[in-house]
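Asks: Provided herewith is a single structure, encoded as structure tokens, for subsequent inquiry.
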Amino acid sequence: MNAAPAFDSTPPRRGGIGRRLSNLLYRRSGLLLLLLLLPPLAWFGIVYLGSLFALLLQSFYTFNDFTGQIERVLTLDTYVALFSAPAHIDIVLRTLAMAVAVTLACALIGFPIAYFMAFHARGRMKAAMYLAVMLPLWSSYLVRVYAWRLLLAKEGIVAWVCAQLGLGGVLEAVLATPLVGGPTLSSSYLGMFLVFTYVWLPFMILPVQAALERVPGSLLQASADLGARPRQTFAHVVLPLAFPGVVAGSIFTFSLTLGDYIIPGVVGTPGFFIGQMVYVQQGTAGNVPLAAAFSVVPVLLIAAYLALARRLGAFDAL
Amino acid sequence: MRSDGRASRWLRLAAFGGLAFLHVPLLIIVLYAFTTEDKTYQFPPPGLTLHWFEVAWSRADIREALWLSLQVAASATAAALVLGTMAAAAMARARFFGREAVTLAMILPIALPGIVTGIALLSAIKLAEVEPSFWTIVTGHATFCVVVVYNNALARFRRIPRSLIEASMDLGADGFQTFRYVVLPQLATALLAGGMLAFALSFDEIIVTTFTAGHERTLPIWFMNELFRPRDRPVTNVVAVAVILVTAVPILLAYRATRDDADAGGRNG
Amino acid sequence: MEFVRVSRRYGSVHAIEELSFRVADGEFFSMLGPSGSGKTTTLRLIAGFEQPSTGSILIHGREAAGVPPYERDVNTVFQDYALFPHMNVADNVAYGLMVKKVARAERLRQAEAMLELVKLGGFGRRRPGELSGGQRQRVALARALINHPRVLLLDEPLGALDLKLREAMQSELKALQRRLGITFIFVTHDQGEALSMSDRVAVFRHGRIEQIDTPRGLYEAPATAFVATFVGTSNVVEGGVAERLLGRAGAFSIRPERIAVSTPEAAPAADAVALDGRVVDIQYLGAHSRFEVEVAGSGRLTALVPSYGAPAAPLPGVGAPARLSWPRAAMHVLDGGEGA
């Protein structure tokens, strides 16, 4: 460059449409914000919230059993029908019990995995374990449910392993037990419970692991240094710090179990679950109002659960 | 616990036992794709064959379902990329009234069970008297895919130093040029990761799809039908293996894209 | 470049208030002040990253309010350099030309010339991450200069460099500014930096300018107690002692190096004033020794006594009574009574 560079004496003023629009948005940053938010908000406002509203609206309509038509008159009849039938109450309770059992099982099985990932796995091993949990979380829900059909089938692998180990009698005894049993594993509550636990397990592991990752190793050493035995360290340091992660994970396992209708259908017992009820009512029965009212139930249960989880500080771990 | 070898051995057993529980069933699926027995799920398989891959490839219903699912996933991902990026750009910088409500609206589709989203969309479809079609499926999928892109993009937007954007404008780039030359390159890997996850999520989604598909048959719907009315059982396994591969590849890519970026981010402060 | 009664508020907080000043073309103008004093906000207003709440900013006679940064003939060197991590050094420097759609070969040629100007010729293919702090700073400088701005803004550009490098860059920046003949507006909290480089310095405090003057003017004639103590070190004397020495109510400042220290027996010079006190501490600093002397009624005063060429008279030791004296002309009367 020369000692006396030639400077532009006129300020750059170009007038393309893009430049003019850019200037406008620069001067009015609120407008930019609005333009950015408008499409996604319109999408969610109209498509999603609109649909939820439509769902709510449908649940206040009623279905005429004789004509098979939906009567578009606002009424509480459908809700009365929902809560006055003992069979319906059974469905809700059955689903709720399953959701609680699955959540507990996921926490029990998931915690050691998360703990190992957070405190023991290093480098490539850690990355591999992370992928091993993440892959099933994001993909192949249906395939993973299907896998259990193969495993639990009468002539399938579980029965075969039991027979090889000479435990065929035990399996039969378990299946004969009321409440958990059934004619075969693939049509028992036990089987359904196994599949639910299997499918939602990654949703428990990752939040727990995230919570444990935030526990500095020095904290464990400090506890040991202060004379705590491993069991005490675990009970007084690790568990309280991991708890919000467990609650965060339980939101997923609880919510997903409440709303599922595929698993009870594939590995099913004769008793219905909420999801199946919704599916059947809207489908073969054509009673969309009852289906809508039924689907409001898990929403309420989850809202109650979220309120509880919020109290327990779970949202910090999400 | 770190210092306690015995506890660690039990822990190791529990951890790897749990991971085995997660993955052995998938291996079983692969195994059954090669079995010669097509009437029952007999174990161990009486023999192994590659025959079913040939059968699966020649079946038009599978090819059509696969093609439809790929189209749906691509369309839903495209919509989610646009909407999710816009929302993240707005939410990353601005503070405004109702911000929390917007966040809630974005995460609701994954917080609520899929069946609620599904039946809600169906209610709307019925009320609006729209015929379920390809586009109703895409609409439903985009709704829960947006949040995946949004989360990835938002995290990245927050890591782009404000001074980079100011430097670009200072040097004469207007808003659009700044977006193209500075923001987009910084955002690219996050969008790639978000898009890949959204694609995987959409590709094998079944719960919402059942309610919005009408007569269309995506691959998961085809799969559901096979579960209840099986015909050539091992063919179902062949398709399952394909689904595992089609969803695993984008997830691995997404993992790579965000991991490399995390390293680079550390290096550049 | 002119500010006319410019204010910038964030909610109820005034970052700057009713600021008016003018910077001449080709001037090296520094804005000096502690953090939160409003100097960086002022710089961002000039660059166009922020808009004034009230008042007007004129750049080369043109109202700048509402003009976006990319249409201002002003470029900035950022405190964190803000180099684009996804581009190599040459593309970073050429960025301003690229967005003006200058052909690639031409802009790379100009970028290389700019890099040579900042002594980084041949570094074009490197990534910003591979450079040292000082090199990044030069790249940022080259990038800001490529559009030939008439005003260059520098936001504490030397803050992250170590002392030796900082001193070298100070003289380089000054030389560059002379050579290019453009206006430099330089933000710093380091008074030494501001004094050594600038034609004029504005001292900021609480969103206002306390004083604008040449470095010598600031040092020798600080307008307020704040300026007196922020620019260099200074003794500010107030109250009864000041009134007795000045002959009227008020406060004055006196630089430590103007104060002579002696034993109480020594007679002061004819035009000098004197105060007696007791030495509480002596620090040996090499070229000087610093005497801390407790004076009844005005607190502790600091005096710098040269180690060589010192007066023949003996110096008092720690704990001994001492006489402080200085020429009457060395006292500088301060505006207002605001304590530093």
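Please read every residue number as a count from 1 along the shown chain.
Quick reminder: no glycine exception, Cβ is built from N, Cα and C everywhere.
Pulled from TrEMBL, these are the listed features:
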{"type": "DOMAIN", "residues": "A:92-309", "note": "domain 'ABC transmembrane type-1'"}
{"type": "TRANSMEM", "residues": "A:30-57", "note": "transmembrane segment"}
{"type": "TRANSMEM", "residues": "A:91-116", "note": "transmembrane segment"}
{"type": "TRANSMEM", "residues": "A:128-151", "note": "transmembrane segment"}
{"type": "TRANSMEM", "residues": "A:157-177", "note": "transmembrane segment"}
{"type": "TRANSMEM", "residues": "A:189-212", "note": "transmembrane segment"}
{"type": "TRANSMEM", "residues": "A:232-254", "note": "transmembrane segment"}
{"type": "TRANSMEM", "residues": "A:261-282", "note": "transmembrane segment"}
{"type": "TRANSMEM", "residues": "A:288-308", "note": "transmembrane segment"}
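Mind running through what each feature is packed against?
Replies: Residues 113, 116-117, 121, 157-158, 186, 191, 194-195, 198-199, 201-203, 205-206, 209, 262-263, 266-267 of the same chain lie 6+ residues outside the transmembrane segment (A:128-151) yet bring a C-beta within less than 8 angstroms of a C-beta in it.
The list of residues near the transmembrane segment (A:157-177) in space but at least 6 beyond its ends in sequence, with Cβ under 8 angstroms from a Cβ of it, reads 150-151, 183-185, 188, 190.
Under 8 Å from some Cβ of the transmembrane segment (A:232-254) lie the Cβ atoms of residues 99-100, 102-103, 106-107, 110-111, 114-115, 200, 203-212, 214-215, 219-220, 223-224, 302, 305-306, 309, 312-318, all in the same chain and six or more residues away from its ends.
Listed as Cβ neighbours of the transmembrane segment (A:261-282) (distance under 8 Å, sequence separation of 6 or more from its ends, same chain) are residues 88, 90-92, 94-95, 98, 141-142, 145-146, 148-149, 152, 182, 186-189, 191-192, 195-196, 199, 288, 290-292, 294-295, 297-298.
Packing against the transmembrane segment (A:288-308) from elsewhere in the chain are residues 55-56, 58-63, 70, 78-79, 81-82, 88, 92, 95-96, 251, 254-255, 258-259, 274, 277-279, 281-282: each is 6 or more residues past its ends and has a CB under 8 Å from a CB in it.
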